[in-house]
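Features reported for this protein in Swiss-Prot:
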REGION    1-62  region 'Disordered'
COMPBIAS  9-25  compositional bias 'Low complexity'
DOMAIN    190-249  domain 'CBS 1'
DOMAIN    264-321  domain 'CBS 2'
COMPBIAS  400-423  compositional bias 'Low complexity'
REGION    400-449  region 'Disordered'
COMPBIAS  424-447  compositional bias 'Polar residues'
REGION    474-513  region 'Disordered'
Amino acid sequence: MDIPGAQESAANSSNSSLGATLSTSQTERNKSGHITAHRQSFAEDQRRPPPSPRSHRHPSLTQQAVQELMNHPPINRHANPQYAGRNWQEIAVGELAVADDVKWTDLDESVQDATLTLLKNHPTNAVLVRETPTSKRAISTFDYSDLNAYLLVVVGLAKPEEEQIELYDHIAKSAQAQTPVALREIQPILKKSELVALPAEATLDAAVEAFGSGIHRLLITNSAGEVIGILSQLRLLEFFWKEAVNFPVIDRLYGSVLRDLQIGSTQIIAVNADGPLADALLLMHNEGLTSVAVVDQGLNVLGNISTADLRLLTSTNNLPLLKRSCMHFISVILNERGVEHGRDSFPVFYVNPYSTLAHTVAKLVATRSHRMWVVETASPSPSAPATPLLQPVQLGVTAATAPPPTSVTGVGSSSSPGPQPTVLVSSQTPSAPQSPLPGQSFPSVPSASLPGAHVSGRLSGVVSLTDVLNLFAKSSGLRPSDPSEQRARRRRSSSASVRPSLDAGRGSVDFRR
């Protein structure tokens, strides 16, 4: 997901350090005990939700024109002399490496300083971590998922194992005292996956196999083992989008529709629009996700929350957002994009089963997202919010179910009907904060308060960068490993230090993308 600008405002407000920002909740925990169970009505609490930028901005294109553009995205039909006539599997990964993408921090730098570097490094959404300031060898990374893990510890949502209680208390107390916390100190709570590196002379077939297996980024190294670039799933997909005319095996896939290709998953985790933002952050951490769909009680997709949106929570003034609803946070995101950066907030985080692969890839590249939500025809939403769902909801019972495919042309596909869509909606109850966050209890914004809230449709699936690159790999005769192994590994390392994941409320199918 694209991070607007270089976040100068966050850098300039260094007097409100991340440690000081997050420590406020620890002080309030000692004063307040538990969050009050009494909840005021929507009418009392949300008379004035943040205005949408649409209310005072006139987009340069009409909504219909934007939709038409997304339905028929332009593709570069002119062969690039650099790649014309070449087999993409023989292109060196070093040709795609960009030296400016490599930003460093070291283990002895504070989380606050590392966060400021991360906010400025929007191309890769990651900062490389090294042992010393002069080293060129990475030993880890620091990204928004790591920032999320740190935030959850400091605000009191984390439940450590017995042997880590002392460490968690130390981190929280240091933040409360506004004492810088070094990256070295928080490494045990991050439980990072092993870094994967490729020499610059390695070819793209190795990168596509790795990405199609669920690896999110690769380090590009020179002959001395020093990092000279970072290749991400998104960067590689962007390359295939722009240069597809040079590679017929890839280019011919773009005209196929998702339903025929049978890529993606029909089992999805989502969050309720009326649930607190803290629940969404906890869910993403527990499940090893970088983004999650926000749905109403009719399972209509209302928006998308990403770990990259944590950039909006790094100042003291914004910390109370953790207790406000996911819908309210979406309105904040829209305002930040539309007002501060002049971007039209037209929602583009979804596709439908009859969208072409070209349409889907165009949206992934344009929004810099890790996944697109697959939706069916929009359905009415109940006027009064019901109790958030805890168990899997079979869309065949409570919502429209997509018709089974009758003809399949995709790689690894079959003529048998696919599994019925299942959406697991996070509950507010089990993941409520153990300690109160600053200020009073903040309510949710009614889902109907945002213009265009129901234009997407009912959630029925998800297509990720991994899915698309896995398709490219198999179409080219490569044999990527099962992506579910990587996803399960990320989730196990994440959920071990916070709270139980949603395994008890779903089947055995792994669907983290």
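Backbone N, Cα and C define each Cβ position, glycine as well.
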Averaged pLDDT, computed only over the residues in the domain 'CBS 2' (264-321): 91
Helix, strand and coil residues within the domain 'CBS 2' (264-321) as assigned by DSSP: 24 helix, 20 strand, 14 coil
Tally of residues which DSSP labels helix, strand or coil - the domain 'CBS 1' (190-249): 26 helix, 15 strand, 19 coil
